[in-house]
Each structure stands twice: as structure tokens, then as C-alpha cells.
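Colleague: Per TrEMBL, domain 'MARVEL' is recorded for 1-134. The annotation transmembrane segment is assigned in TrEMBL to 20-40, 61-80, 111-133. For 184-295, the entry in TrEMBL reads domain 'OCEL'.
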Amino acid sequence: LLIPGSYRGYGNANYTGPKTPFILVVAGLAWIVTVIMLVLGMTMYYRTILLDSNWWPLTEFFINLALALLFLAAGCVYVNDTIRGGLCYYQYFNNGINGAFCRTEAGQTAAIIFLFFTMIVYLVGAIVCLKLWRHEAARRLRELILYPSLHSNRLLMVQGSRWQSPLVKGHIPAGHAPKPVIMPDYIAKYPAIRTDEQRDQYKAVFNDQYSEYKELHVEVQAILKKFDEMDVMMQNLPQNPTSHMERDRINKILQEYQRKKMDPSFLEKKERCEYLKNKLSHIKQRIHEYDKVMGWNDGYG
């Protein structure tokens, strides 16, 4: 509904007519940006480059925040239109013919709900992006502390190491430091079997390292079982100790618990056990593939 002219003479009210074009521009701009973001989010470039950069989550935060503020402004303007800039609060305006302009139709109510609900959606999106940015910043800091050499030599391939980092190819934006794609050394060391002699070599490696894996697996599982028992004990500790002595006792238990969980010897054994498990599975799969082609079956399938 349009009200001809402008109204400035009723108290503090100042209404110059509907601002429908502004609302349509805001909604159209927001949906265009949203569609672009959704299409971009389905690309590999977004998942492998942008999400791993230290600036994109923050950029998404500001984009979502800007869209939320635009919808907030559009919602306020639309509400102002429905009350005709405050004129409908004056009894001498809200009567007779003018009173028809002050009635809020069901469609107008739905539009108001839509504008403010969309604002909340974009605001939630902005909060999620901010949390993602903080999470990634914390992750990079942990990596920098735990693996300083990984950052000083981004894609260094260490001779004799169990892990290799293949070079990342393709266009990478300036200032972006991609995470190395970790690939175990046995992937390249044990390719598909081509000959019977190669199969025998794989079988010998499997038999040689399987005994080491079994021994490590038993030891690691025993330690993990103790940790499970300690977890139960930790859950049963009082949350609010009543005395200083009780607090000291609980603190010592917590420190000992953390010390055992972070014991370098245990972590090394656990890592070695997991590595051997994956390596043996890979070798067994290679033998199985070759046997399937050759029609053999000696227990490795």
C-alpha cells in the first residue's frame, strides 16, 4: 500500500513512503552472494585451499555478518513501513481512511518474520565461521609447537623416514601455506606385485614384522586397558574437594594421569603399532590381489 506524499507533522513521526526498493535490493544481493558461496563450497578448491587458509574463515565471518546487518536494516525499514514511520501510534491519524494503512496484513507479518529469521541464520553462520577460524588458529599453533620442522620445511621429504609428503601441485594463492598430504612410505615401497619372486619377498616381510606387531599390540592394549580403569577412577573423584589435603591428592592423581598418557615411550609404541598394522594390511592386500589374479590361495587372501 502506498501513501501519497510525506507526513512530517505528527509529533516525532517522519514518514516519506515505503522503502520497498531498498528491501528488494538487500534480499536480492544477499541471495546472489549466498548462491555464489554455496557453489564455491562444492568445489575442491574451497575444501583443499580456502578452508585451510588462515584468512578465509574470517572473510566468511565478515560476509555473513554484513548480510545479517543488511537483513536487520531491511527488517527495521519494513517494520517502520508497517507503522508508517510511527504515524499509526497517533490516534488522530489511525482512524477513518488513514486507519486502513495501519492494518498489518498476514503477508506483511510473514515478511517481517522472514527478514528477521534470515538475519538470525546469517548471524549463526557468522558465529560458526568465527569459531572455525579460532579452531584452525589453535590447530596451527599446536602444530607449530609440536612439529616446528614441519612449518620451517613445509614439504620436505626425509630420507629413510616412515612418512613422505608429496608435493602439492596446481595454483595456490599468495600467502597460503597448505598442509602437507601425509602418505605412508609403504604405499610407494610396496606397489602391485608383478612376479612370484616379488610375492615371496612381500610374504617374507609380512611374516618378519607380524610377530613384532603382535607383541606391540598386546602391550599397547594392556596399557590402554589400564587407562580405561583410570578413566573410571577419575570420573569417581570428588568434583569439589572439601579440604586442602584432598585437593592436593586429586591434583597429584591428575598430574600422574596426564604424565602416563603423554609418556613418550608409550606414544612411540602406540604409533609404531598403528603403523605396522596399516603396513601389514597393505602388504596382505597386495598379496591377495596377486593371488586373485594368479588363482593362488595359501592363507593370505
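Note that Cβ sites are derived from N, Cα and C of the backbone, with glycine treated the same way.
So where do these features actually land, and what's packed around them?
Modeller: Averaged across the domain 'MARVEL' (1-134), pLDDT for the predicted model comes to 78.
Within its own chain, the transmembrane segment (20-40) has Cβ neighbours under 8 Å at 46, 50, 60, 63, 67, 70-71, 73-74, 77-78, 81, 115, 118, 122, counting only residues six or more beyond its boundaries.
For the transmembrane segment (61-80), the residues of the chain that approach it from at least six positions outside its boundaries are 15, 19, 22-23, 26-27, 29-30, 33-34, 37, 86, 108, 111-112, 115-116, 118-120, 122-123, 125-126, 129-130, 133, judged by C-beta separation under 8 angstroms.
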Colleague: So which residues does the transmembrane segment (111-133) touch in its own chain, when a touch means Cβ under 8 Å and the partner is 6 or more beyond its ends?
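Modeller: For the transmembrane segment (111-133), the far contacts come to 23, 30, 54, 57-58, 60-62, 64-65, 67-68, 71-72, 74-75, 78-79, 82.
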